[in-house]
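Over in Swiss-Prot, the protein carries these features:
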| type | residues | note |
| --- | --- | --- |
| COILED | 27-75 | coiled coil |
| COMPBIAS | 68-78 | compositional bias 'Polar residues' |
| LIPID | C21 | S-diacylglycerol cysteine |
| LIPID | C21 | N-palmitoyl cysteine |
| MOD_RES | K78 | N6-murein peptidoglycan lysine |
| REGION | 56-78 | region 'Disordered' |
| SIGNAL | 1-20 | signal peptide |
Amino acid sequence: MNRTKLVLGAVILGSTLLAGCSSNAKIDQLSSDVQTLNAKVDQLSNDVNAMRSDVQAAKDDAARANQRLDNQATKYRK
């Protein structure tokens with residue numbers, strides 16, 4: 001039991017020391033990278049949303065053009 005506690009304590013101490021070895025500069029750099037990536041994701045999301053409205057407008061125009069063609073085709077058949 002004492003040996004288990006000793007090993008467990010050593011593992012906890014070792015992990016604490018390893019966590020303390022990371023520098024603040026590296027953490028700040030990673031945080032900055034994450035913020036940059038989040039900004040890019042937001043921009044891409046906005047671009048996709050803008051394209052959705054453009055695609056919908058193109059679909060609507062195509063549907064109107066097809067309807068006009070269908071109307072012309074029925075006039076020629078009569």
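For all residues, glycine too, the Cβ spot is worked out from N, Cα and C.
DSSP labels the residues of the region 'Disordered' (56-78) in these numbers: 22 helix, 0 strand, 1 coil. Model confidence over the coiled coil (27-75) is summarised by a mean pLDDT of 90.
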